[in-house]
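See structure below.
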Amino acid sequence: MTSLTTQTLIITIFLLTIPTSFASPPSLEDVFAQCVTDFKPSNPKSPIQNYIYTQRSPNFLTILNNYVRNLRYFNNMTRKPVAIVAAADVTHIQATITCAKKLGLQLRIRSGGHDYDGMSYLSTIDFVVLDMFNLRSINIDPKLDTAWVQSGATLGEIYYGVANKSNDLRGFPAGICPGLGAGGHFSGGGYGNMMRKYGLSIDNIIDAKIVDAKGRVLDRSSMGEDLFWALRGGGAASFCVVLAWKIKLVPVPAKVTVFNIETFGNTGSVNTTELVAKWQEIADKIDNDLFIRLTLGSSNKTVKASFMGMYLGNSSNLLEIMNAKFPELGLIKRECIEMKWIESVLFWLGIPPGTAPTTSMLNRIPQKQIYLKRKSDYVQKPISRTGLESIFKIMTENENVTMAFNPYGGRMSEIPSTETAFPHRAGNMFKIQYAANWFVPGEAVAKDCLSQTERLFEAMSPYVSKNPREAFLNYRDVDIGKSLNSTYEEGKVYGFKYFKDNFEKLVKIKSRVDPDNFFRYEQSIPVLSSH
């Protein structure tokens, strides 16, 4: 017998004699899976083991990546969760919270996956993802003009259901992307092209059902007004899991009117600089039924401007308003398209009228995935023509970045900044979204696009809000600050930018409802004990 064979035999005999108590401990994912399976109460009609995906599950990566909306995080390098719980029952949420706390795992809550910097499905330490896509019911009461919508429902599903149930005479003020999940979109504010008429989504939310850090199911009455205040604009993921929202539906006319006018540079009779300057004068002051978004981009060293609008009424009334307030744009009858409000959802996606059925907004998986970076700003004073020319020059040198100017005013200026946790109200003319998209992998391309975004962002600093330089929570931007140790000092860096003076109230509420800071992530609200 050779020496190697003898050694192998000895090792084998030794291993066979080891007591079972010395066997390898179960993996963390096994312990978590067992913990949630043993949790009581449970729903025998929806056993949680049918909704748990660990890294050994054959479709783990499919479930994880189905709601990754930024290809920057769609790779083998990002840390993967210990498990994904695709909750289909409230007991699944309670079990996930209880077991994550017990095992010291961080929790990431994902409804639509549109967190621009991936904070709903990424972490630097062991974590689990609570995926809400199975919880998507929408119960509409047409008599009361209200609806209960679960967090996993998309805006497209909500819009489609509301329009069908109301004979196209009701809508809801929220985002223009139908794939957004209600959970995160609403809790960060929820803005869209009816905000000048009706405010944000949170201004039309009248109740919520949540699961708190103790696993309790609460509504507005039992959670208290302070927590309900925080959920509306403060980012619910810092406080609880939102199971469902009760929304107030709003009237929409039988027909709305949309248009999109594009200009290129300053050539001939077209002067983009003058048009943008005039847009600044009127966009936040014009009729509340009219929303005109201005998007600026550049190609071939020429700035392009897009004036995309929606009027809650017919084209004749729209033209009267435009001829009186913005004749320089030159909007004419044939450029105005009348359609149902539900059809306008597709128009804002860039889909030509009549080329796709409204059911297409029910598609949950986008046809095209992209790499992206987003940032935000608020403008409170008009940018001078000299300033605009300077900005245009920088844009021609950084052509991978666009800016969308979204006008405020109207209802947005009437609601006090302390009415909800969302503080950006009166005094803001418009909000800017910086957007860089790219379509090929590689570090060099990503670095170039990120650098271009940062250069434009820095160049805009003289023209935007200051002390703090305000930011919009739903345009998640890790560059403005993050908390690695969950301290107040770290949290206030980004907290005052997102929430201004409302940040201090959010910290107090957080400290009361989640003193152990279970619900935390890189930009969560800190607790006072960390002060």
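A Cβ is built for glycine as well, from the same backbone N, Cα and C atoms used for every other residue.
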Quick one: which of Cys99, Cys177 does Swiss-Prot link to Cys35 by a disulfide?
Cys99
Rounded to an integer, what is the Cα-Cα distance in Å between Asn300 (N-linked glycosylation site) and Cys35 (disulfide bond)?
59
Nearest to Asn164 (N-linked glycosylation site) by Cα, among Asn76, Cys99, Asn314, Asn400, Asn485 (recorded positions)?
Asn314
Let me know the model's mean pLDDT on the domain 'FAD-binding PCMH-type' (77-252).
98
How far is it from Asn314 (N-linked glycosylation site) to Asn76 (N-linked glycosylation site), counting Cα to Cα, in Å?
51
Distance [Cα-Cα, Å, rounded] between Asn400 (N-linked glycosylation site) and Asn271 (N-linked glycosylation site):
23
